[in-house]
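To keep things clear, I will list the structure first and then write my remarks on it.
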Amino acid sequence: MANPDTIFSTPIDKIGDFTFDERVAEVFPDMIQRSIPGYSNIISAIGMLAERYAKPHSNVYDLGCSLGAATLSMRRSINQEGCQIIGVDNSSAMVERCRLLVNAYRSDTPVTILEADIRDVDIQDASVVVLNFTLQFLAPADRHALLEKIYAGLRPGGILILSEKYIFEDENANELLIDLHHDFKRANGYSELEISQKRSAIENVMLPDTIDVHKKRFNDIGFKSSEVWFQCFNFGSMFAIK
């Protein structure tokens, strides 16, 4: 059973910026399930998409892999000779735990977990690239360049899977979706204090875009098609095909 997330359950005098440290890594499976609506569906479908798009003798990347949920879903689904998965995360706590989880089961599809900044990783001969709730934590000025690098490293016909929290230009719609997300967290046992303190900790480090901004970025870079394939409240996932 996952360790329960109680990080923000007691009053914090000075709330610092949210970081993916040892405390977060320890409770991350519980935190993510109780915080992101539809997370399990997204993870399952990433495996389905990887099964469809992974090619023999190609690389599959999970950028910002955290504890490897998407990596493991893809490994279970991919059955292509010479295909390998490369997971990358800059949190040493996440990488250490991810390696343990990956090594707990053997598979014909090799997996390498790297501790690195995803902006510094070479993307080469890729058939699938996953950014699962990762891009939103990069500085907005760095996002286009990373996606350009991913595009350059993808094979023609390759797929980028981008899961994100969204904001919406319609103020009323945006507020409703935020409120529904908070209702979701309440229904999963988070208190008003936890919701408030987590929001304060994360508001300066997670800066979401609109769906239109994502689509324009894909189009400007040269992806031939892109679309939202999953959305629940203000969270969702898109694909972009080279």
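Quick reminder: no glycine exception, Cβ is built from N, Cα and C everywhere.
What Swiss-Prot lists as S-adenosyl-L-methionine binding site is Tyr39, Gly64, Cys65, Ser66, Asp89, Asn90, Asp117, Ile118, Asn132, Arg199, and the listing cites sequence analysis. Under the three-state DSSP scheme, Asp117 (S-adenosyl-L-methionine binding site) falls in the coil class.
It is Asp89 that, of the binding-site residues Asp89, Asp117, has its Cβ surrounded by the most other Cβ atoms within 10 Å. Its own atom aside, the Cβ of Cys65 (S-adenosyl-L-methionine binding site) has 28 Cβ atoms within 10 angstroms in the protein chains shown. Residues Tyr39, Gly64, Cys65, Ser66, Asp89, Asn90, Asp117, Ile118, Asn132, Arg199 are listed as the S-adenosyl-L-methionine binders, and the farthest two of them sit 25 Å apart at their Cα atoms.
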